[in-house]
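Asker: Feature table excerpt (Swiss-Prot):
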- Gly13, Ala14, Ser15, Ala16, Ser17, Gly18, Lys19, Ser20: ATP binding site (BINDING)
Amino acid sequence: MNSQQCVIIAIAGASASGKSLIAKTIFDELRRDLGTDQIGVINEDAYYRDQSHLSMDERVLTNYDHPKALDHQLLCTHLQLLKSGEAVDIPCYSYTEHTRTAETLTMTPKKVIILEGILLLTDPKLRALMDASVFMDTPLDICFLRRLTRDVAERGRTMESVISQYKKTVRPMFLQFIEPSKQYADIIVPRGGKNRIATDILKTRIQHLLAK
């Protein structure tokens, strides 16, 4: 494998469908073979557009489940730079402030990059950069309960705001954009991030791509 190339794996699916869990499992298991500095994870959420020019009231009204809320062009540019052997500065996004922070996270070139995010498979330019893709096909009611627990506990949200957002944008955008993007996935994973067989299949695919 050329030292300036890298394998890009995308893990998509509904919010709280198990994307982070399967990404972490693969990261932890592959870094033992590749080394910690040779595998990295990029969360699509980091590429939510900067909204510092908007008031907090305006930021809250943003539809974060629509593809336009994300700067996929910047993500594509960063992936192309990483594939060509250059480091990039990944934005940092604040869920409480609903905008990017002043900080960035520098990522150096890797042999394996795992992308995780709800809308990754909706963008044809992003899909063209992927070596393999996964869709987490977890039932939507389970995703909602997980999201409710997570957002209240970890992201400073109220139960009422999470429920309201789910009804107004999360579920409609899942049906309009996220679920249809499943057709572009190479692997469809049922039963969430603890699906051991799916994890092993994906690891084997990554190892095969690295061996080329």
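For all residues, glycine too, the Cβ spot is worked out from N, Cα and C.
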Asker: Fewest other Cβ atoms within 10 Å: which of the binding-site residues Ser15, Ser17 wins that one? Let me know.
Answerer: Ser15
Asker: What other residues of the same chain, not counting Gly13, Ala14, Ser15, Ala16, Ser17, Gly18, Lys19, Ser20, have a CB atom within 8 A of the CB centroid of the ATP site?
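Answerer: Everything else in range on the chain: Ile118, Met136, Thr138, Cys143, Arg146, Gly192, Gly193.
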Asker: Provide the number of Cβ atoms within 10 Å of the Cβ of Ala16 (ATP binding site), excluding the reference atom itself.
Answerer: 23
Asker: Which residue, out of the binding-site residues Gly13, Gly18, shows the minimum number of other Cβ atoms inside 10 Å of its Cβ in this structure?
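Answerer: Relative to the other binding-site residues in Gly13, Gly18, Gly18 has the fewest Cβ atoms within 10 Å.
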Asker: What are the sequence-distant neighbours of Lys19 (ATP binding site), meaning same chain, six or more residues apart, C-beta distance under 8 angstroms?
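Answerer: Result: Ile11, Ala12, Gly13, Glu116, Gly117, Ile118, Met136, Gly193.
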Asker: State the count of C-beta atoms found within 10 angstroms of the C-beta of Ala14 (ATP binding site), not counting that atom itself.
Answerer: 26
Asker: Could you say whether, by DSSP, Gly13 (ATP binding site) belongs to a helix, a strand or a coil region?
Answerer: strand
Asker: Does Ser20 (ATP binding site) have same-chain partners at least 6 apart in sequence with Cβ under 8 Å from its own Cβ, and which are they?
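Answerer: Counting only residues 6 or more apart in sequence, the Cβ neighbours of Ser20 (ATP binding site) under 8 Å are Asn43, Glu116, Gly193.
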Asker: Tell me, by DSSP, whether Gly18 (ATP binding site) is helix, strand or coil?
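Answerer: Note: Gly18 (ATP binding site) is coil by DSSP, not helix or strand.
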